[in-house]
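Presented below is the structure to which this report refers.
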Amino acid sequence: MAKKYTSKGHVTKSAGRFGTRYGRRDRKQVANIEEKMRKEHVCNVCARPTVKRAGTGMWKCYKCGHTFAGGAYSPTTPVGRTVQRIVKKAIEEVE
């Protein structure tokens, strides 16, 4: 298990590789973005938490092989969720 503390305080998450460079705020932002990017994401097709980032904006489910476009750091973006909601409403109105 990783150490929680060093002799000088908390161990920074993934941004610890930067050392003291780039400033505290920037390192914290990078760590938060990378934490969200690397967490388990659920596939829309097979509903399993096996979606991983394949490239910038490209996401792939390693269980069913479904590849789709999304945000740079997360499979869905706030704008994408809004569009999905609008499309879903439009489909319900037609039926």
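Every residue gets a Cβ built from N, Cα and C, even glycine.
A quick note: this is a predicted structure, and the numbers were derived from the prediction, not measured.
Going by TrEMBL, these are the annotated features:
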type: COMPBIAS; residues: 1-11; note: compositional bias 'Basic residues'
type: REGION; residues: 1-27; note: region 'Disordered'
type: BINDING; residues: C43, C46, C61, C64; note: Zn(2+) binding site
type: ZN_FING; residues: 43-64; note: zinc finger
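Apart from C43, C46, C61, C64, the Zn(2+) site neighbourhood in this chain, defined by C-beta within 8 angstroms of the site C-beta centre, holds N44, V45, A47, R48, T50, V51, Y62, K63, G65, H66. If you count neighbouring Cβ atoms within 10 Å for each of the binding-site residues C61, C64, the highest count belongs to C61.
Broken down with DSSP, the zinc finger (43-64) shows 0 helix, 9 strand, 13 coil.
Between the binding-site residues C43, C46, the minimum number of other C-beta atoms within 10 Å of a residue's C-beta occurs at C46. Looking just at the zinc finger (43-64), the mean pLDDT is 95.
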